[in-house]
Amino acid sequence: MQEAKVAAILGAGAWGTTLAQLLRSNGLEVRQWSRRSETSLAATLAEADLWIMAVSMAGLASVADQVAALQLGDRAIWVSATKGLADLGWRTPSQVLSDRFPLQPITVLSGPNLSKEISQGLPAATVIASRDRHAAAVVQQAFASDRFRVYTNRDPLGTELGGALKNVIAIAVGVCDGLCLGANARSALVTRALAEILRVGAYFGARTETFFGLSGLGDLLATCTSPLSRNYQVGFRLAQGESLAAALTAIAATAEGVSTARVLAQLASREGLELPIAACVAELLDNRISPTTAIERLMARDLKAELV
């Protein structure tokens with residue numbers, strides 16, 4: 001099996017930096033690029049075995065276009081470490097990459113991975129998803145250690161959807177906790193949110209079982225139960241009376257659930273999907289309803305059987 005020796009990471013935020021730390025600890029040469037880097041994008045990528053995309057969803061297409069314009073060949077394996085959905089066409093990060101790099105193997109890295117905990121050396125697990133078994137195995141080997149357990153699967157779509165959608169739910173749970181609604185309400189919210197995630201997965205054709213793995217339920221639980229989650233913090237701060245702008249300034253980092261909630265609301269409206277939690281989050285973020293009204297609306301919905 002091919003062994004990765006050089007990795008190029010695009011993105012120098014908390015997540016990209018944590019991934020760099022994991023790879024360096026495994027002996028790989030790591031180059032890291034951002035828009036403020038002195039090293040050029042071409043020099044960062046040249047002869048690297050892994051190209052790791054760790055920029056925000058909003059910046060992914062632009063960076064991918066810059067890479068494509070360099071015409072550096074198709075030898076490297078892409079690793080998508082971005083979570084979110086593009087607002088045009090509801091494309092996942094790996095699909096955006098595949099559109100531009102059809103000949104390169106593309107993998108997805110996702111799971112319950114709070115960057116601060118991993119950077120502190122606390123144990124964690126993740127998933128490398130790809131339809132290319134060899135590429136997945138190479139990336140798995142590059143990241144795996146006694147503190148970071150890495151699994152593989154063959155459902156990149158479901159893996160990415162789980163990672164993107166849980167951010168929206170984390171905002172909702174943050175609101176719930178910020179309003180001090182208790183453990184019962186939080187548990188009900190997370191459980192019904194999983195039903196919404198499964199509906200979206202079914203719509204896009206993802207495998208149901210993926211959402212009960214690390215990149216689905218695992219990521220959902222981590223993001224919805226930890227104050228380290230940026231999306232959870234956004235919801236919590238909104239419930240405390242802060243504006244969205246103030247909440248985002250306070251966390252000083254990208255909260256992908258904000259844009260993903262709006263994308264999901266559009267999807268639900270256009271395709272007739274029942275996504276009441278995501279819809280309420282989108283309205284709350286756009287300041288069309290208050291946190292209290294959002295909870296009241298969910299509780300007042302028509303009674304029904306418990307069906308996914």
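Each residue's number is its place along the chain shown, starting with 1.
Note that Cβ sites are derived from N, Cα and C of the backbone, with glycine treated the same way.
As given in Swiss-Prot:
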ACT_SITE  Lys166  active site, proton acceptor
BINDING   Trp15, Arg35, Arg36, Lys83, Ser115, Arg230, Glu256  NADPH binding site
BINDING   Lys83, Gly111, Lys166, Asp219, Ser229, Arg230, Asn231  sn-glycerol 3-phosphate binding site
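When every Cα pair among Lys83, Gly111, Lys166, Asp219, Ser229, Arg230, Asn231 is compared, the largest distance found for this sn-glycerol 3-phosphate site is 15 Å. With Asp219 (sn-glycerol 3-phosphate binding site) as the anchor, the candidate binding-site residues are Trp15, Arg35, Lys83, and the one with the nearest CA is Lys83.
The maximal spread of the NADPH binding site, taken as the longest Cα to Cα distance among Trp15, Arg35, Arg36, Lys83, Ser115, Arg230, Glu256, is 23 Å.
Comparing Gly111 (sn-glycerol 3-phosphate binding site) with Trp15 (NADPH binding site), their Cα atoms are 12 Å apart once rounded. Around the Cβ of Arg36 (NADPH binding site), the number of neighbouring Cβ atoms within 10 Å comes to 6.
Gly111 (sn-glycerol 3-phosphate binding site) falls within neither a helix nor a strand when secondary structure is assigned with DSSP, and so counts as coil. On the backbone, the CA of Ser229 (sn-glycerol 3-phosphate binding site) and the CA of Glu256 (NADPH binding site) stand 11 Å apart. All protein chains considered, the CB of Gly111 (sn-glycerol 3-phosphate binding site) has 24 other CB atoms within 10 Å. Taken residue by residue with DSSP, Arg230 (NADPH binding site) is part of a helix. When the alpha carbons of Lys83 (NADPH binding site) and Asn231 (sn-glycerol 3-phosphate binding site) are compared, the span between them is 12 angstrom. For the recorded site, Arg35 (NADPH binding site), the DSSP three-state label reads coil. Within the set of recorded positions (Lys83, Lys166), the lowest number of other Cβ atoms found within 10 Å of a Cβ is recorded at Lys83. For Arg35 (NADPH binding site), no same-chain residue that is 6 or more apart in sequence has a Cβ closer than 8 Å to its Cβ.
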